[in-house]
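**Q** The following feature annotations were taken from TrEMBL:
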- 6-120: domain 'Tetrahydrofolate dehydrogenase/cyclohydrolase catalytic' (DOMAIN)
- 139-280: domain 'Tetrahydrofolate dehydrogenase/cyclohydrolase NAD(P)-binding' (DOMAIN)
- GLY165, ARG166, SER167, ILE231: NADP(+) binding site (BINDING)
Amino acid sequence: MSAEIINGKQIAEDIKNELKDKVEHLVSAKGQPTLAVVLVGEDQASKVYVRNKKLACEYVGIRSLSYELPEATTQEEVLALVHELNERDDVHGILVQLPLPAHIDDDLVIMTIDPRKDVDGFHPINVGNLSIGHDGFVSCTPAGIIELMKRSQIEMSGKNCVIIGRSNIVGKPIAMLMLREHATVTVTHSRTKNLSQVCKQADILIVAIGRAKFVTKEFVKEGAVVIDVGINRDENGKLCGDVDFEDCVEVAGAITPVPKGVGPMTIAMLMSNCVKAYEKK
Ligand SMILES: Nc1nc(=O)c2c([nH]1)NC[C@@H]1CN(c3ccc(C(=O)N[C@@H](CCC(=O)O)C(=O)O)cc3)C=[N+]21
Ligand SMILES: [Mg+2]
């Protein structure tokens with residue numbers, strides 16, 4: 001039997017259409033919602049992501065202000081820009097594209113963003129609110145994964161969820177969100193013993209390690225839900241995930257593809273966070 005392929009692209013479209021409707025109704029009273037996007041340097045992948053974010057903004061009815069700064073921009077200049085955007089009443093969300101160049105401290109920049117404008121959900125205040133179950137901004141990729149499962153009628157309560165990867169932007173926050181959904185959560189990483197055996201216990205397997213096609217069918221229980229957060233290039237330069245899709249699609253019950261899986265959901269949730277920041281103002 002072959003797995004259901006979860007169409008993240010379509011679900012992201014649905015979410016953006018809902019947000020577009022919502023913005024149309026809100027906008028006359030409060031002026032246009034606005035996201036400031038800050039990109040430092042020449043990273044090609046970052047430029048593509050930033051372009052996609054701006055296109056999504058345009059679609060939903062969010063104004064985007066773009067700050068594309070040269071590689072040589074100093075940390076002080078970036079911090080000064082963030083302060084200026086924090087102060088501006090007509091800016092509701094601030095996104096500083098990561099990674100920043102090596103001479104700039106990512107954490108310091110993130111901590112400088114007003115938590116009320118932190119639509120990435122990376123500020124320690126928002127991370128803290130997530131871990132104690134208070135309202136706040138949840139980082140977009142983990143939020144997108146939960147939304148993807150909810151809209152695909154995937155039951156999370158009481159399920160065994162295994163996560164591969166413990167990063168601050170995916171592994172740790174998705175663990176918190178899965179707990180909130182009443183799953184039993186195991187977070188694995190590079191020092192985990194018998195990784196494939198641990199993964200094989202999972203009803204829901206979430207993979208975020210950044211290694212192309214690392215997860216093969218030996219990791220996957222028959223009928224399990226497999227969520228692939230990876231974005232890599234394979235030996236032919238083609239976009240691929242952390243999961244060997246062709247191998248795992250035969251054993252999984254449901255699986256997300258790359259592209260058109262989790263990636264588009266990240267952007268949809270960014271739009272959702274921007275609308276939320278705007279509504280709260
Ligand atoms: N401050 C910050 N916030 C982020 O949210 C952030 C970031 N920095 N740095 C980089 C990562 C990566 N990320 C993606 C967003 C969309 C797709 C996406 O739309 N992917 C498409 C394919 C895109 C393509 O063709 O390359 C898909 O999977 O179908 C992927 C990855 C956001 N990130
Ligand atoms: Mg850095």
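Glycine residues also receive a Cβ, built from the backbone N, Cα and C atoms like all the rest.
What you are looking at is a predicted structure, and each value in this text was computed from that prediction instead of being measured.
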**Q** Please list the DSSP helix, strand and coil residue counts for the domain 'Tetrahydrofolate dehydrogenase/cyclohydrolase NAD(P)-binding' (139-280).
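**A** DSSP classes over the domain 'Tetrahydrofolate dehydrogenase/cyclohydrolase NAD(P)-binding' (139-280) add up to 53 helix, 26 strand, 63 coil.
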**Q** Mind tallying the domain 'Tetrahydrofolate dehydrogenase/cyclohydrolase catalytic' (6-120) by DSSP state, helix then strand then coil?
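**A** The counts are 63 helix, 18 strand, 34 coil.
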**Q** Note down the number of other Cβ atoms within 10 Å of the Cβ of GLY165 (NADP(+) binding site), including every protein chain shown.
**A** 23
**Q** Long-range same-chain neighbours of SER167 (NADP(+) binding site), Cβ under 8 Å, sequence gap at least 6?
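**A** Expected: ALA208.
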